[in-house]
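Notes for the one structure printed next.
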Amino acid sequence: MGTTVVGRLAPPVRRRSRPWLALGLGLGALAVVVVLSIAVGASPTTPGQVWDALVAPTGAPSDVVVRELRLPRTLLGILVGAALGVAGVLMQGHTRNPLADPGLLGISGGAAFCVVLSTTVLGVTDVFGYVWFAFAGAALAALLVFTLGAASRGGPTPVTLALAGLAVSELLLALTSAMVLGEGPSLDAYRFWAAGALDDRGAALTLQVLPFVLLGLVLAIANVRALDVLALGEDSARGLGQDVTRARLVGLVAVTLLTGASVAVAGPIGFVGLVAPHVVRSLVGPAHGRLIPLAALVGAVLVLAADVVGRLVVRPAELAVGIVLGIVGAPFFVALIRRRMVKL
Amino acid sequence: MTGAARLSAQGVRVGYGDAVVVGGTDGLDLDVVDGTVTAVIGPNGCGKSTLLRTLARLLVPRHGHVLLDGRRLDAVPSREVATVLGVLPQDPTAPEGIRVADLVARGRHPHQRWFRQWSADDEAAVAEALAWTDMTGFAERTLDTLSGGQRQRVWISMALAQGTDVLLLDEPTTFLDLAHQVDVLELVGRLHRERGRTVVMVLHDLNLAARYAGRLVAMRDGEVAAVGTPHEVLTEDTVRDVFGLDARVVDDPVAGTPMVVPIGRHRPATGRTPVITGVTEDAPG
């Protein structure tokens, strides 16, 4: 009897306030880091110079720095961050593994390996050429990790997947290093790229990978409802009429596109795919319709913020985004594992 | 077999790897009688869950097939099946931090398309499913904050929101204490009485099965050993054959359904002299 009364007084079944708050916060943070990313760098610029460069460029050196270096770099950072954040949501959703991340599961490593293979062995030099190798490497690594993880008794659990990912990552890293160390001239370029960096690669680069990232994002959004039921386990998802194989395939293609594109332009950047989904999940819960757009936003904020920090800490030199994120991300990873172990 | 059957297994043989678990000799036949609660019982490893999962299309039989409304289950799009047939797996998982209402809402999955998102129908179905299981007051709570019994109510709400005529429940009472087992089974009984749903469930407890199911299917070694009403199936002979257990079967003093009392060897010193007919060895002193 009591419960019936409570039922009538209960608030409406669905509530939508907090996602908007999170979206507002995310957009605010993005605005801040975008401004910083355009205004801050190795060569000192005054706010006035930045403003002039944006609204009334005259061809002054500061105009060139802002318009041709910082602006494209900022756009590239947004693109890469969004791609990695969403790839992380997809991977965590499909593996139901809170530790999944394109870097940890070897997907970035696969993409990086194939990119290096294409440049050192086949002599491919432009991004449009090696982005395909990045996709191929990402897809192969994903298949390898999932096959290894699933081959163990009891199927792919968070632990078997993480271990398989670790093994594949290490193997690919070793192979990549071996290839690069044999090739003197490519070493410097590789060192920079492999650290995961945004640099003055120009607007053309952003435009080249944009279609792939957009396609990946569209597929990720198409995957939302499937991910929501897959979160209840495969049996429940099948029982609810979900074609699990098709959903997995869409997810795999999306992860491959997003990770491959970002590795091709910025090298393997870790932890964004791990951190962004967790931050968003703690704000808006586990519904993928909210997770995916917000993880894109948070991923972009993380990458841009790390890039700005990297430009400031060792001025006038720069610390690569991947390194900054590694320094911040590693403790986050440890904290995450500790929290989960305490709960278990 | 009497009675209409929208769902039936026709000569199914199911296995994992090399081992055949169900229908090893010449396939298993079973008609699920409409509008009835059927409980599948049997010892561990007899293939109860395998049979249920086959009926639910979670396992594909190697031979034979499952028919739903006269069509082979593997020929009907999974989403269409999901509007008629609901499944509650043995150990369903939910993402951390999910709200009860959001979980129940996922039961509406088969009714949605990319061009037909959340609708008033969906909203109404979720609200009704929550009200029906008395969980409306918990709609805004997260699942992690609920007890095991409450969680099972939420899962049943989700299955209800799916709005299927047939519901397959794989051991819906595992991990629950007796009071909550009864609670869940009362809910299942109401589904049948008030909604006319057809329910098939795997149960371990024979007495509860006899109490809440109109029809029992006793399985042994992947075959159907006996089918019928609780009184037809739960006889002392069947219990001995199927479970390898010597037991008395008496009438449940509350419901009049058969009640299985294991004989065993141990007799506590109660001071009372139990009356055990038909058992000569190990008579109590």
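Here, residue 1 is simply the first one shown, and the rest follow in order.
Each Cβ is built from the backbone N, Cα and C atoms, and glycine gets one as well.
Residues annotated as transmembrane segment in TrEMBL: A:20-42 (among others).
Within the chain, the transmembrane segment (A:71-91) has long-range Cβ neighbours (under 8 A, six or more residues past its boundaries) at 30, 34, 37-38, 97, 100-102, 105, 107, 198-203, 205-206, 209-210, 213, 216-217, 220, 223, 227, 251, 254-255, 258-259, 261-262, 265-266, 269, 272-277, 280, 288, 291-292, 295-304, 307, 321. Annotation comment: TrEMBL describes A:71-91 (among others) as transmembrane segment.
Among the features that TrEMBL reports, transmembrane segment is placed at A:103-124 (among others).
The transmembrane segment feature in TrEMBL is assigned to A:130-149 (among others).
Beyond the ends of the transmembrane segment (A:161-182), by six or more residues, the same chain brings 95, 97, 99-100, 103-106, 109-110, 112-113, 116-117, 120-121, 141, 144-146, 148-149, 152, 190, 194 to within a C-beta distance below 8 angstroms of the stretch. As annotated by TrEMBL, transmembrane segment applies to A:161-182 (among others).
The transmembrane segment annotation in TrEMBL covers A:202-226 (among others). Below 8 angstroms of C-beta separation, residues 68, 71-72, 75-76, 79, 82-83, 86-87, 89-90, 93, 127-128, 131, 135, 237, 242, 246-247, 250-251, 253-258, 260-262, 264-265, 288-289, 292, 296 of the same chain, each at least six residues beyond the ends of the transmembrane segment (A:202-226), sit close to that stretch.
Annotation source TrEMBL lists transmembrane segment at A:247-271 (among others).
Same-chain neighbours of the transmembrane segment (A:291-310): 19, 22-23, 26-27, 29-30, 33-34, 36-37, 40, 73-74, 77-86, 88-89, 93, 198, 217, 220-221, 224, 269, 272-273, 275-277, 279-281, 283-284, 318-321, 323-325, 328, counting only residues six or more beyond its ends whose CB sits under 8 Å from a CB of the stretch. Residues or ranges marked as transmembrane segment by TrEMBL: A:291-310 (among others).
The transmembrane segment annotation in TrEMBL covers A:317-337 (among others).
Of the ranges A:20-42, A:103-124, A:130-149, A:317-337, the one with the most Cβ pairs under 8 Å to the transmembrane segment (A:247-271) is A:130-149.
Only residues 6 or more beyond the boundaries of the transmembrane segment (A:20-42), in the same chain, are considered here, and those with a CB under 8 A from a CB of the stretch are 50, 54, 65-66, 69-71, 73-74, 77-78, 280, 283-284, 290, 293-294, 297-298, 300-301, 304-305, 307-308, 311-312, 315-318.
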